[in-house]
């Protein structure tokens, strides 16, 4: 009777408990937009943004049986805009979405990590779904607008208002769109839409790596390949380009307006707007629309004058991919420009952009640059400004009936206007007037219909015939959002409890409340004690002598046999009973328990196979944790040199998330991820990789001799993750430093201190702007930089290689002497070092270190100055020839940070009288990240001529690109960070052409046959005699007239007075010099008098 009463009482208590839990769950699911670190989200529960615009929760698309966590519109039929675990679906509806270890995580039913965001440094993290559709992770104690992580940085197939589409140049983060695999599978599909930020930024739609469609460059108002993209009410566009970011975004001022851009699984870009009246999405724009939208459909040089089909036979078969060829070769200064209207600008891979000039100046720049093939305004807003010119073949152009952009294409003068004549002009005028009348009529009719539609408040969905007039990324109509939404009434089939609820109910998992055993903590403890010969230590000491040690050890032995990793190795129940009841029964030695290091459920090899017992069946070769660096009491998973007595750590996994104490273990879970736990009963991992494998495959981890920890698939043996892609403070031989456009930046970051491997203040990375260079930073401030890296080089102990292509830009090195160990580090004291170890030395030695001297510090002497460290008692800064200190008072106080300025302002009137270039030898090239322009295939003479013709050019250099030949490097802005470098090897040239026996090159080519070379040389020679440095050597006027009018012997001229001189032999930089800027005599003439 007593037991019945007790059972009845428990039933009432249980019912009350579930009723309260149900009420709590209902309230949670219907109103919450924020999740704290103590809460979690399961199937049936959702987060809803404050104004009920968006909803986040678990879903299964179409006919799929898999489950995902995603975001969709709340008040309209479900349309998914973001998916968290798109490539790692849950196989059933049981999952948990929550905050753990300062990141957002998704666990499956077995508590295996399926997906996670980046780890943050939040002390009190909260997750929030905003009305913009952005899922953010922030610190509850900090500014609510400061996000530590956001889903907008990791878009899937949809671009929403205020979402950035493009690059974060500091982190290498590429925000791009990628299609679903199918309507039932949100996994990453074949099509992607990405922004290319080099040169003149534009976007590309690709299938795998093959380009399908190009948007055209952004021209200040729109993408030039989208003439329909015009501003409308309630929506605005922005395109940001600076040293930190390059991205496009759009903004809607009317928050009730729904608009989105998607990449479909069939390979189309589509723009939709929601129409409340029809309760459906209206497709306002899509691309590609026709053949002319297909990438490079018609080949190069598609203009309507001066060209002909390159392959006439293919052209007649309607195949224009071969493009066109010029009828007449270009003749540089005599060429003219064909004005083409309403154009989609050519592909911008070979462009130069100057945003601070006019179209007229752009024409001058292009005409003087013989490599320039076309030019246009870089910004068409407000009447047009800026300049962009192309220096290569013109690809993928298109002419629209209206709405394109003006483009000026270089053609031979004889080809401009060919085929003209009175008949052509008359026909052209007649056709033009007819088109204008039809266009005006059509526009009037369209305008009237649109006005009626808006007035009646009944917008009809457009059909295919209207798509040519739709908007690109702004094609929306004004609509009102319906705030009415359906509430879910689905009940839980199985009640789910939060971790905190269970912990409270069991008094924090006290032994007196325990019902049975579970997990792997106790098993793991016993296994470690057993291996160490301390099996009896697992018994409670209070038991005293009430047990037989032999019997206890037998029980432990049998228990470990029953939990071996492989089921086929475990004894049957009858065998277990026999071994427990018989003292003579033979018992095999137990193998690794199934929950010690973990395994993939698809593993096929038996654990009875011979292998080192320190390994699991997944061959995880890293089994030792780096116990407490220095005086720290924390523990980290790391890699260090095995044969170097002094422990030298080269990589740390959980550098920002240490394990408190000395315990810890790792294993590979069923998704192929290497996960790290701090202690046996820890529920969530401290650190993990983020990969996935197919269900019929498994993974194993291996530590290579290079120091690279890799995860490979057993079927293909392909590497799916490697520690070399995630360096910490050390660059090892074979490790790549730079950008992988899929994986992002590989950079080095210092430890916080000698005892703390967390991310410190100092970093080393490759600056990708201009000619790539290694920069060393304190935060975002540059400390020092290397020489630019266009080629590999040997530096004693190591040989380096630099790779620069469309997918990767990186630097890597190898050791040339096997008796040495070599590593490059960024240390916490603010230095980048190369350290070498040789067994006979028994210690690490500095191979090189930067910064070391005053001149090593970036910009120590300011712009247009050079830094040379010789005698510590002397000032290291000096102005370049033709320049003077910008702040003389600071200069005299030995502060050269203000730099130098020209002694005479360079204007267009003096630009064309540039005499030559000053040689500056054995100095490293100025900073190439902001001002330099690289032009392939140029000789030194071409490079010098190009710089002379461009008034903006301040210096040039010739560099060698392996496999590509010479390249011309020119600067158009300030020259910064020029310092003496005896190893500098770039040749630049200065003196005038006479000294090189090339005097005739200064004669304008347009004169052609109008002069006799002999007479020209005589005039040049006499002119040089008149400007010799020593006045006593200059001829009188009478002698000049005599030499010009008679065939007589003329002495060889000596060095002119107005020439900058350098004492060294090998030049390293060339600086543009104007006539009479300064001389060795310091220009003593101070007054000009008329004759």
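A Cβ is built for glycine as well, from the same backbone N, Cα and C atoms used for every other residue.
Database features (TrEMBL):
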type	residues	note
SIGNAL	1-31	signal peptide
DOMAIN	32-150	domain 'Bulb-type lectin'
DOMAIN	332-412	domain 'Apple'
TRANSMEM	425-446	transmembrane segment
DOMAIN	600-724	domain 'Bulb-type lectin'
DOMAIN	851-889	domain 'EGF-like'
DOMAIN	911-993	domain 'Apple'
For the domain 'EGF-like' (851-889), the number of residues DSSP places in helix, strand and coil: 5 helix, 9 strand, 25 coil
Counts of helix, strand and coil residues, the domain 'Apple' (332-412), according to DSSP: 16 helix, 31 strand, 34 coil
Composition by DSSP (helix, strand, coil) of residues within the domain 'Bulb-type lectin' (32-150): 0 helix, 55 strand, 64 coil
Overall pLDDT for the domain 'Bulb-type lectin' (32-150), taken as the rounded mean: 92
